[in-house]
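K.L.:
Provided herewith is a single structure, encoded as structure tokens, for subsequent inquiry.
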Amino acid sequence: MEKMFSLRAHAAPVSGFCPWENQLVSADRSGTLIVWNLSTRRPAARFRAHEGQVLSMQPTRFGLLTHGRDSAVRIWPPGAAENSKGGDPHPIFEMPVNALNFCNVAYIDGADGTALLATPASVDSDCFDVYRLSPDFSLARAVENQAPKQEQRGADQIEEIGAPPGRGEGIIMRLAWAAPDLLYVGYESGALASFSLSPEGCRMLWLARAHSPHPVLSLALEGARVYSGSAAKTLLVHEPPHEEAVAKHNLGHYGVQCFEILPHLYLAGFWDGSVAGFSRDWQQLFSLERPHEQIEAPESPSRKSLCLFVWSAPAAPEQSRRDRLRSRRAAGRLLFVGHADGLIVAYAIDESSENGLLES
């Protein structure tokens with residue numbers, strides 16, 4: 001299995017990807033965003049979005065939402081990438097958030113043109129807030145400092161000696177919307193909680209601790225199912241309204257830090273930098289390893305993979321034959337893997353192949 005191509009422009013470790021305006025955007029730990037032309041494999045635009053690592057990126061109806069370690073959430077307007085050629089563009093919206101941990105923020109479209117934004121709480125990192133964002137960018141806090149019900153803690157849980165009483169499930173690690181009225185939250189303790197939002201308020205539906213004591217690192221949704229990866233080798237599958245996991249899988253590597261779901265394939269990235277593909281019946285199909293391209297000095301940045309993203313090429317408008325030939329390189333699904341030395345490697349995903357990746 002061979003890689004398709006590499007993208008080289010980041011001077012810091014790659015921290016994430018997302019699609020925006022039919023282009024691929026990558027972010028790094030310096031706060032830089034790069035918009036890529038996948039036909040030429042070169043940056044189409046580049047700008048500094050944050051003073052520190054970009055933790056979250058998501059396209060929205062308002063523009064590109066980014067969230068950084070500089071304790072800010074910003075929204076960049078459509079066309080910001082083009083405008084960046086004359087200098088860094090200006091966000092059309094900005095709000096402060098709690099970024100004491102590395103938790104993401106989660107956005108989802110709501111009713112009447114509004115949107116919901118879940119963030120770590122302003123007061124406590126083990127709680128969350130939910131804001132309602134209006135089309136005019138006015139904010140209203142819908143949920144404040146929400147934590148799991150303390151009575152849900154089991155008698156069999158062991159507290160550390162000297163730990164403050166009632167500290168709950170530890171800091172929030174991951175947030176994921178399933179619907180505008182359903183939010184999943186992963187905790188440092190290994191707990192996964194489901195919350196229901198309504199005009200009457202927010203209430204916890206269930207809380208499961210099958211990952212404990214290993215922190216939740218990743219959340220992914222497929223229909224009614226929620227997949228959660230932890231600092232251990234375990235990936236759990238929950239199917240509401242059941243509190244207990246309906247499936248538990250040992251993926252063979254510690255730290256399931258990212259997880260992607262395809263119709264025929266599961267993809268997982270781990271702390272050791274490896275990326276593995278699994279069939280829908282959880283047989284490992286392949287493991288991606290980055291080849292050594294040159295002799296490296298001991299002080300060189302780590303080559304470990306840090307994040308992955310599946311890109312689906314947008315429907316192309318009418319093109320000339322020459323343009324069609326150039327864009328064929330970027331056609332279909334591509335798996336992008338971001339590395340700690342700033343390199344991005346792309347692999348072609350073959351929808352008809354049993355092993356999931358295109359063989360050369």
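In case you wondered, yes, glycine gets a Cβ from its N, Cα and C as well.
OK, Swiss-Prot features for this one:
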{"type": "REPEAT", "residues": "9-46", "note": "repeat 'WD 1'"}
{"type": "REPEAT", "residues": "49-86", "note": "repeat 'WD 2'"}
{"type": "REPEAT", "residues": "167-205", "note": "repeat 'WD 3'"}
{"type": "REPEAT", "residues": "317-357", "note": "repeat 'WD 4'"}
K.L.:
What residues in the same chain, six or more past the boundaries of the repeat 'WD 2' (49-86), come closer than 8 Å to it by Cβ-Cβ distance?
P.N.:
15-21, 23, 25, 27-33, 35, 92-99, 102-107, 109, 113, 115, 117, 119, 133, 135, 137
K.L.:
Mean pLDDT over the repeat 'WD 1' (9-46): what is the value?
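P.N.:
Residues in the repeat 'WD 1' (9-46) carry a mean pLDDT of 96 in this prediction.
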